[in-house]
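Annotated features in Swiss-Prot:
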{"type": "BINDING", "residues": "G32, P33, S34, G35, A36, G37, K38, S39", "note": "ATP binding site"}
{"type": "DOMAIN", "residues": "2-230", "note": "domain 'ABC transporter'"}
Amino acid sequence: MLKLIDITWLYHHLPMRFTLAVERGEQVAILGPSGAGKSTLLNLIAGFLAPASGTLLIAGEDHTLTPPSRRPVSMLFQENNLFSHLNVQQNIGLGLNPGLTLNASQREKRDAIARQMGIESLMTRLPGELSGGQRQRVALARCLVREQPVLLLDEPFSALDPALRQEMLTLVSDICRERQLTLLMVSHSVEDAARIAPRSIVVADGRIAWQGKTDELLSGQASASALLGIKSHIL
């Protein structure tokens, strides 16, 4: 589904280089120290950064130079980027038509995803009238209504309390399984990663330093566990 072949981005003339393959329907966590290049990796996949070299394939098609708006990718950030002057219904509708002129089929898609997110009763409210968790549900609905096969999450739930964060992670995981979406999620928490991502990638110094089973990282048995401050539990 998603393949990066020597995708390179120059940061102050220092190259960050990524080679990666992710299958359709996989849920993968991207972990690593601050400043390691995790968000850079997502931004390269989404098209917000242009690589200096390399190839990016999605579903077998070359999207290395495809503009972000035309890539089969949706991305959710920590800052939800909702438009404060538009209500929930309109913010979700932007995912279908920037001009907000929706046909009957598009309106049904908008309303269906709102029901799935549990926000159908909030459609006439403005973002400022919502809680943090509700705003992230709206932002997630706007991503999902686009029906793109790849979903990128850049720590969108890190500001939420632990119980709400787990609820949102479970919701995302369930939807990705239901729709067979390919998910890549940046997180600082290996515990969060373990909840939804069987496989993890550890980024360090602009490279993929390790990839494998998330449980191995969490147990401290992986070679990259130390990069995340995780010690082995075996005496």
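Any Cβ shown, glycine's included, is placed from N, Cα and C.
Here the features listed in Swiss-Prot are placed on the structure.
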| residue | record | CB count, 10 Å |
| --- | --- | --- |
| G32 | ATP binding site | 26 |
| P33 | ATP binding site | 16 |
| S34 | ATP binding site | 7 |
| G35 | ATP binding site | 13 |
| A36 | ATP binding site | 20 |
| G37 | ATP binding site | 23 |
| K38 | ATP binding site | 25 |
| S39 | ATP binding site | 20 |
Predicted model, mean pLDDT over the domain 'ABC transporter' (2-230): 91
Environment of G32, P33, S34, G35, A36, G37, K38, S39, the listed ATP site - residues of the same chain whose CB lies within 8 A of the CB centroid: T40, V203, A204
